[in-house]
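> Structure in structure tokens, see below.
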Amino acid sequence: MAEAATGFLEQLKSCIVWSWTYLWTVWFFIVLFLVYILRVPLKINDNLSTVSMFLNTLTPKFYVALTGTSSLISGLILIFEWWYFRKYGTSFIEQVSVSHLRPLLGGVDNNSNNSNSSNGDSDSNRQSVSECKVWRNPLNLFRGAEYNRYTWVTGREPLTYYDMNLSAQDHQTFFTCDSDHLRPADAIMQKAWRERNPQARISAAHEALEINEIRSRVEVPLIASSTIWEIKLLPKCATAYILLAEEEATTIAEAEKLFKQALKAGDGCYRRSQQLQHHGSQYEAQHRRDTNVLVYIKRRLAMCARRLGRTREAVKMMRDLMKEFPLLSMFNIHENLLEALLELQAYADVQAVLAKYDDISLPKSATICYTAALLKARAVSDKFSPEAASRRGLSTAEMNAVEAIHRAVEFNPHVPKYLLEMKSLILPPEHILKRGDSEAIAYAFFHLAHWKRVEGALNLLHCTWEGTFRMIPYPLEKGHLFYPYPICTETADRELLPSFHEVSVYPKKELPFFILFTAGLCSFTAMLALLTHQFPELMGVFAKAMIDIFCSAEFRDWNCKSIVMRVEDELEIPPASQSQHFQN
């Protein structure tokens, strides 16, 4: 009984839905009936005659003005559409049509779609969020010794405010803790990391170091008749040395000296906090801060050694650091190690590092993907020839190299243009967006020399990298080896990269058809209005001639013959059969 009642209710509901779907036809006939009934009270016939009389009295100048006004409005719409497309990457009218008009006109219900596809899209949404995350550049330069020198020479600012603000947030996260207010020097540095003015930050760092040089006297009564004053030094402030090395030092050698002083102070603080970390949450947070400071100092010292040409020393320091702190993956020290090993041409060691970090469970980067492609290209690039490959086909090793290049290009399609020097390089930012133009600049800035060193590697890349796009015709919707390409990269890269750099956009955005159609229609109507206003008689003769041509019998016969000939060409009918066909 219950099942019968449920079935009846479902049928009743479907009938109501069906009736509402076609109810507009009933309303249409009702309106027509009301107009017919009320034609006399509303004086519809008189109004129609008045309108026809008004239209008959209009002059050609009115139509010219009307055409010009419509052209002006179309031009304004075109300008607005073009501005909206340049700013947001989509057509305003198309977006309104899809988002608002389509549901009103019987489009697909968004709720049902979301409920059906929520499970399938959850992973891709999480991946999209993670790929749109901004990461700290593991190969970032030194502000004082490198970025500021570029500004002095060119007068351009290589870093954006957004990028420097992210660095300030990183410094506050890595180098501060809740107990800093208990130590005067750390309290000063906590404020220094928030300063926007570089000179104010440097002055605060010097002030923090001066406070640590004040000696505290502790009175110790050793003999009853005398008093001995013991002089005790406060511990040095490691973060102050870090700030001075990053921003005040004008050369890498000066920065290295300051980092060595920071290492002495940071190592002492780390050992003391390591012994007290289990005494409470406050000591644990302080030990975590001291660990971050020590790792940062050692990593920057290794980078100084790499800059100064002591590459083997830098490799040893990086390996020791990765062994001592294996869980601190936020600094991505393995990418610094890969670059240094490539400089030494230790390709076997590079392969060993890739075997550990090029794992499906670990986040990818341009350094990982393109270094793997470089190693596979190195095995075949010296003998690779496009002509020979087209004749005999690709060997197994060449196929592996091409697949590795396609994998790397799919992950970050902006890198090949910089490696092939199709776009000019700039100084890399302090933060990068994975799969974006900022990551491509950061990778190519340091790895272009390694690709040039391998004979034929750039030639192989030049011949094969564009083939990736045939495998992923719709990269924003579906990828091949990775998730679909995130659509947020362009906006984030414009915030990270300086204004004088032309941001690389992938995939290339084509103008929507509506904008092109509006532009053509606007231009055509404006031209007709101008010609009609200047030469009214000539345009009238031309319009009459065109109407006569289109309405003539010869034009209709020619159009029919052209259609028949086109159909016969598509069907490939032989000449004999064609003549027989026309005879029949």
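Cβ atoms are placed via backbone N, Cα and C, with glycine included.
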> If you look at how Swiss-Prot annotates this chain, which of 62-82, 335-355, 545-565 comes out as transmembrane segment?
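In Swiss-Prot, residues 62-82 carry the label transmembrane segment.
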> Among Asn47, Asn165, which is the one flagged in Swiss-Prot as N-linked glycosylation site?
Asn47
> Give the number of CB atoms, excluding that of Ser385 (phosphoserine) itself, located within 10 Å of its CB.
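There are 13 such Cβ atoms around Ser385 (phosphoserine).
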> What's the CA to CA span in angstrom from Asn47 (N-linked glycosylation site) over to Ser385 (phosphoserine)?
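Between the alpha carbons of Asn47 (N-linked glycosylation site) and Ser385 (phosphoserine) there are 81 Å.
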